[in-house]
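S.K.: One structure coming up, written as structure tokens, with questions to follow.
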Amino acid sequence: METGTAAAAQSTRRLLLPLAVSFLLCALAAGTKPPPSSSYIVYLGAHSHRAGVSTEEASTVATESHYDLLGSVLGDREKARDAIFYSYTKNINGFAAKLEPAVAAAIAKIQIPAYRCVSERPGVVSVFPNRGMRMQTTRSWEFMGLENAGVVPQWSAWEVARYGGDTIIGNLDSGVWPESLSFNDGEMGPIPDTWKGICQNEHDPTFKCNSKLIGARYFNKGYAMEAGHPPPDRLNTPRDDVGHGSHTLATAGGSQVNGAAAFGYGNGTAGGGSPRARVAAYRVCFNPPVNDVECFDADILAAFEAAIADGVHVITASVGGEQRDFFEDTVAIGSLHATKAGITVVCSATNNGPDFGTVSNLAPWVITVAASTTDRAFPGYLVFNRTRVEGQSLSEASLRTKSFYPLIIATDAVAPGRKVEDAQVCMLDSLDAAKVTGKIVVCCVRGGVRRMEKGEAVRRAGGVGMVLVNDEEGGSNVIADAHVLPALHINYTDGLALLAYIKSTPSPPSGFISKATTIVGVRPAPVMAAFSSVGPNVLNPEILKPDVTAPGVAIIAPWSGMAPPSARPWDERRVDFTIQSGTSMSCPHVAGIAGLVKPPHPDWSPAAIKSAIMTTATDLDMEQRPILNPFLQPATPFSYGSGHVFPARALDPGLVYDASYRDYLNFFCALGYNATAMCKFNETRYACPAAPVAVRDLNYPSITLPDLAGLTTVTVTPTTLAFGAVGEEKEFQVSFVARVPFVPAPKGAGGYGFGAIVWSDGPGNHRVRTPLAIRRRKM
């Protein structure tokens, strides 16, 4: 609230003492929009299954209610039966159906009285198109302190958490390659009795599950509906023919594999964050994309429902799309039901950075993960004009001789009939072979063309090498890729120098690309990745997103035996392991850490696990300096949330900010949902608190105030919290008082200023850190 020239706000947080310590105060790719959908999801909230009813009977009753509801609109129950291709009948209540837009609009208008919260005829929470999303490590675990030079110390979080033993991690992605050594079950005991899942291999008898990969399913009806034809046989299996799902699942919970390397680089032991966890694959993403979409909402929601019923403990979902209202977002819907069932859900922040307000997967009940670098790099060098600049590469090929080769800018080699803009980004078949043959071609990054595909364009035109130059937005963030020819990715500043040389030299420009090597101990590290999406949260600015950052650049993990490392049809290479970058890679790192937190704390809620990971994260790099953004300037919580994850600390956080499903219902109250709406996604009638609640009242491990004027003073009351027993809950209040004069926020921070509240029980002990983000506007 605001008064005159000053403004004040208060936020109350509840802390639990989860550990026996005396605690005193001492001193946080989107898919392109497809054409209008022919299929829709009708979300009806939660089920009200009667007590004593079998699962099968409850499922039948729910399915029949879906036929009744749609039949009442279509005027024919059999037409409704034919139209529905998914009935969500377990934890999630709803269905997916092929509908005309007018029918979808009519369904959306169906209401029920607030007093009929438990009803045989469900009410409609939302109706939305079956849109889609895109799929968004030998060194990273050592970088985060779980091992040292291949040796696991006794105090390692791996040892403390029994390597995530018997945690079950489910992955919503492109499936899994079961033959990979990362899913070997040599050290695994019997499958836990709590597991209710299946190995869905009726169309692929060669697909085998085991005591490591304990379950696998596929969901392709939504994809097929939008593709307009039945799925081919290769899609009727959980088998990964893309590679992405195998990579992400192994990063979260893969077994440890010695001698893993990609193209001869990064040799070491590859394994997941919870290497002794059980894993399950839920295939929801398929190739080829339909309207540039790989993973459809109807399939994602079906997979969430299955994973909840199967009995997973952690769900990792490296998918993302446009920012939507929670009840038109299948990841938000599915994860809400998963959270209610006690399942921790981890999602990628998406790859739309570094612009502000691009972060997706915004629900406060999920852990949203940004991406940053490790201290490993794959440097190669470009030599030109008596200058040597460093770049990154994983190219197996090298230039045949150490003599210099002619250099040419791609825009000077436009193929006949092609646009300059196409050649600038080295689009396939956009380069003139007569001008490119025998030369090193300079291409611009971005432009909608994948980096490795640019190299293929150069190779097809007869080029001998490629230099990828960052645009200003990409800054200093360069990526190592397994190019099909000698290639190097260099930063923006060095790129300007190279382009200036080529344009200005009176003699023919020339240069040489050296073969890359593997080095560790790079500083600064971590650095935020340029592609990593950035806050603020455009849906609910008072919830800071992303929540944390984790390694997401040049991550080594297994790949599909059916897919090339570039994931492009022209690439004939096949590999056991490859290196990938993206928030898709950082997301499963945090899922693996959640899998480690679970065994020592089996009774912790998803919110408690999330709090442990967030409050123990660090905003400092390896040299104890502020984490930097891609432009090598200090980053903000809009880039990294609470900071870079710190697994060992997460197992022993000292205090946690807990939240229950009821707290999330109150969050909806704060968003303005009324009693009628609330009862639809809760099994029973739920009354919002008599006293008005605000979004900032959610017991979240970060605090954001998007509309506070002037210079801000933060006061915490009380300044000491004394706990007498494990599990005891204490409250403290944070007051924010804004004063004039106005003090400008840091450059590029969107008008926000940043700080933190830290609870500590002494130097070297627990440090529970809560980031603050406050928008300071002029009066």
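Cβ atoms here come from the backbone N, Cα and C positions, even for glycine.
TrEMBL annotations: computationally assigned, not manually curated.
So TrEMBL lists these for the protein:
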type: DOMAIN; residues: 39-135; note: domain 'Inhibitor I9'
type: DOMAIN; residues: 166-621; note: domain 'Peptidase S8/S53'
type: ACT_SITE; residues: Asp173; note: active site, charge relay system
type: ACT_SITE; residues: His244; note: active site, charge relay system
type: DOMAIN; residues: 424-498; note: domain 'PA'
type: ACT_SITE; residues: Ser584; note: active site, charge relay system
type: DOMAIN; residues: 712-774; note: domain 'Subtilisin-like protease fibronectin type-III'
S.K.: Would you identify the secondary structure of Asp173 (active site, charge relay system) according to DSSP, in three states?
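M.R.: It is in a strand.
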S.K.: Could you give me three numbers for the domain 'Subtilisin-like protease fibronectin type-III' (712-774), the DSSP helix, strand and coil residue counts?
M.R.: 0 helix, 34 strand, 29 coil
S.K.: Distance between Asp173 (active site, charge relay system) and Ser584 (active site, charge relay system) at the Cα atoms, whole Å?
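M.R.: If we compare the Cα positions of Asp173 (active site, charge relay system) and Ser584 (active site, charge relay system), the gap is 10 Å.
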S.K.: In this structure, which of the active-site residues Asp173, His244, Ser584 has the fewest other Cβ atoms within 10 Å of its Cβ?
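M.R.: Output over active-site residues Asp173, His244, Ser584: least Cβ neighbours within 10 Å is His244.
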S.K.: Can you tell me the mean pLDDT for the domain 'Peptidase S8/S53' (166-621)?
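M.R.: Mean per-residue confidence for the domain 'Peptidase S8/S53' (166-621): 95 out of 100.
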S.K.: Report, in whole Å, the straight Cα-to-Cα distance of His244 (active site, charge relay system) from Ser584 (active site, charge relay system).
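M.R.: It is 8 Å, counting Cα to Cα.
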S.K.: Just give the helix, strand and coil counts over the domain 'Inhibitor I9' (39-135), going by DSSP.
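M.R.: The counts are 38 helix, 28 strand, 31 coil.
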S.K.: Please spell out the DSSP helix, strand and coil residue counts for the domain 'PA' (424-498).
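M.R.: So the domain 'PA' (424-498) is made up of 22 helix, 15 strand, 38 coil.
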